[in-house]
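One structure is given below, encoded as structure tokens.
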Amino acid sequence: MLSCWVLLLALLGGACALPAPLGYSQALAQAVDSYNQRPEVQNAFRLLSADPEPGPNVQLSSLHNLNFTIMETRCQARSGAQLDSCEFKEDGLVKDCAAPVVLQGGRAVLDVTCVDSMADPVRVKRVWPLVIRTVIAGYNLYRAIKKK
């Protein structure tokens, strides 16, 4: 009888010792940290955006992939600094990342893959304002010549 109680207590104690399931925001932070641990990463990267954005209605268990964008900061990758306190680097690299979500025993195993972002908002050149100014200048020149 005593062995049954010991077995029951061991089972209940083991169930209580299981780690809490990983949340979506925690999984994103873990994925960014995983990328920052790579040897080729000099400056740490910080989360720029995620799809979907973190919120109370987003469950990690319902996702097949983590899709997010990171940007280079001014902090060294392995300096131990809090990423939230690191400023984004001006003209820093922007990377689009994906990580398949594989849940093993309530824990997420993430294999992060990142590529350089094609849409770098810093380097976008706007052509239309230049075209409009050129047309207006040409029209004004035409009117000035026509008056003479």
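Glycine is no exception: its Cβ is also placed from the backbone N, Cα and C atoms.
According to Swiss-Prot, the disulfide bond annotation covers C75-C86, C97-C114, on the basis of similarity to another entry. Swiss-Prot lists 1-17 with the feature signal peptide, giving sequence analysis as the kind of evidence.
C75 (disulfide bond) is 19 Å away from C114 (disulfide bond) when you measure Cα to Cα.
For C86 (disulfide bond), the same-chain residues lying six or more positions away in sequence with a CB closer than 8 A to its CB are A44, R46, T73, R74, C75. Once Cβ contacts within 10 Å are tallied over all protein chains shown, the disulfide-bonded residues C75, C97 are led by C97. The DSSP secondary structure for C114 (disulfide bond) is strand. DSSP classifies C86 (disulfide bond) as coil under the three-state reduction.
Of all the Cβ atoms in the protein chains shown, 21 others lie within 10 Å of the Cβ of C114 (disulfide bond).
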